Structures are given as C-alpha cells and as structure tokens.
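Q: I'd like to ask you about the structure that follows.
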C-alpha cells in the first residue's frame, strides 16, 4: 500500500481485441487525483491510440518512484508483452495467456501492497479457455490467486447493490449449491464488507428466495423452508445481522424494499443481475467482496464490434475506477 495521500490503482486492459484498450486509453483524456498504472502491452496501446486518434504519452511504470497524480494526455504502463499482434475485433487464442499474465501481475502487486486496488477491463472467457486454461471469470481467478476460499460477487449502480450466493454455475446446479454453510459464509462476507469498505454501520440485507414466490409455502419448492429461512433466522439470532427475507425475487425490487436495502442478496446470477443492468447498464460496477484487496470491474463484455471505432461507452469503466478510488480513500 502506498504511504502518501496519492494512491496507486492498477488497471488491466482485458481482451486486446475488444474495447478494453479503448476504455483504458480514454482515461488519458482527463486528470486523476491518484496514479493510474495500466497493465498491458505498451505497443498494443500505442497502435490502438493511433487507430482512435488519441494523442497520449505512455511512460514506463517504475515501482520505486512515489505515485503522482495522473495528468491528462499521459498513461503509465506496466508492460506485459503480448503473444501476437492484436487486431481490433478479431479474437486470437494465442493471446489468452497474455490476458492472464496481466491479471496475475495486478493481483501480485496488490498482495505485495504495491497497488491499492485493481480495476479490470472486460475479458473473453472463451478465448482463455480455448487457450488451454480453465477460466470462469475474474472473481474466481482472483480468489484462487489470493488463496481466498470464498468471495462474493457484487454489482452496484446508483440506488442498488446486489450480491450473489452462486455465480457462474449452470442453473441446474444452483439448488444443491445453496447450502446453510454457503449462505452463512456469503452473508458474513457481505455484511463485513458493507461495514468496513462501504462504511455502513448496520446494513440492511434483503434476501431473495430461490423459487418462484419464494416457494409459496413449499408448494413451489422447499429450499426456503428447509434451508434458506432457518439459516437466516440462525444468523440473525447468533450474529445480529439484519436480514430481511427470503422474499420473492419478482417483488423484492419494489421501491418500498429498495429504499431500505443496503444490498439485495440473490441466489443465482440471472435472478438479480438483469434488474441491476436494466437499472444501470453502462453506469454499473462489479465489486469482488472478501478479497484481501479492492477489485472493481465493468459490468459488460468485450464488445468486439466496437473495438477501435471510438464508439465504446466508457461509462461503466469510469464508474469502476471512480468506485475503486472511493473505496481506497475510505481506507485512509
């Protein structure tokens, strides 16, 4: 961790054929109060900047120098060599390992207190897997690299935070994955980070049921009766965490609940993320809770068709960086 008031945020550019490099280069158009270090191939960034017509000076990253506020028209690059020349819009499996190297470098830097937070650009899971590496997402990757047994995936936009009990698993596996043990661990992490990272003294956590109508008293499924409700009651009794639910997912996003909710906990990926993205797509941020470092990310994919065109929406990426900075500053 940097010791002065100016912090060092590492940014990974993600899939080189996608809009990640475009988003990173867009950061150079304005001043930033903290130092932004881009983990990517320097030549790839220069080529994309030329394609986009962005006038930017790239400086080599020196970890021995004290961090300085970022000036418009500049980027500091921690160079990671790409395997093959990246062509905007054209995936290349040869560069799958390159993407992972940038993520590994960023994670190692955070764990060594060299960086204060990671902001990740979008990656293409298919390319990485076809390169011979089993990869299900940033969240799981950073958990493995930091030896964190369990992390929580949260997405946030203005007026709404959602977190997940299960993440990137097939829907058919969700019911068996929603266990008392997992629920308790997920809620512990969610509550802890809401208190410590978001500075919410006594957070209200609203919890979705798994089944339609939260099981309708067992008529539409018994997971609520047998697992979810007893676990929530146990946690409230033993730990005093404020939990409301399980509530039907089709009504939990009503304003009368959201006005009081500091976070909504969903049982699976597509139960809560469609609502979040409908409410704030392009203005949302992905936050990994439970890691020993701060990590935020965009809420969208690689958008290959927009790479190099100058048409990519920078809203989510800028939100992710701004949110990371806010969380870092709260730690000061």
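In case you wondered, yes, glycine gets a Cβ from its N, Cα and C as well.
Sharing the record's features from Swiss-Prot:
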BINDING   138, 139, 277, 286, 295  substrate binding site
BINDING   168, 213, 269  divalent metal cation binding site
Q: Taking just the CA atoms, what is the gap between residue 213 (divalent metal cation binding site) and residue 286 (substrate binding site) in Å?
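A: Answer for this pair: 27 Å between alpha carbons.
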Q: Based on Cβ atoms within 10 Å, give me the single least packed residue among the binding-site residues 168, 277.
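A: Relative to the other binding-site residues in 168, 277, 168 has the fewest Cβ atoms within 10 Å.
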Q: Could you round the CA separation between residue 295 (substrate binding site) and residue 168 (divalent metal cation binding site) to a whole angstrom and send it over?
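A: Distance (Cα to Cα, whole Å): 18 Å.
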Q: Could you find out if DSSP has residue 168 (divalent metal cation binding site) as helix, strand or coil?
A: coil
Q: Do you know offhand how many angstrom separate residue 269 (divalent metal cation binding site) and residue 277 (substrate binding site) by C-alpha?
A: 12
Q: Pop the Cα-Cα gap between residue 168 (divalent metal cation binding site) and residue 138 (substrate binding site) into the table, whole Å please.
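A: Counting only the Cα atoms, the answer is 11 Å.
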Q: Of 138, 213, the binding-site residues given in the record, which has the fewest other CB atoms within 10 A of its CB?
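A: Among the binding-site residues 138, 213, the sparsest Cβ neighbourhood within 10 Å belongs to 213.
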Q: Once near-sequence residues are set aside, which residues in the chain of residue 139 (substrate binding site), 6 or more away, have Cβ atoms under 8 Å from its Cβ?
A: 151, 153, 167, 168, 288
Q: Of 269, 295, which of the binding-site residues has the most Cβ neighbours inside 10 Å?
A: 295
Q: Where does residue 295 (substrate binding site) sit by DSSP, helix, strand or coil?
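A: The three-state answer is strand.
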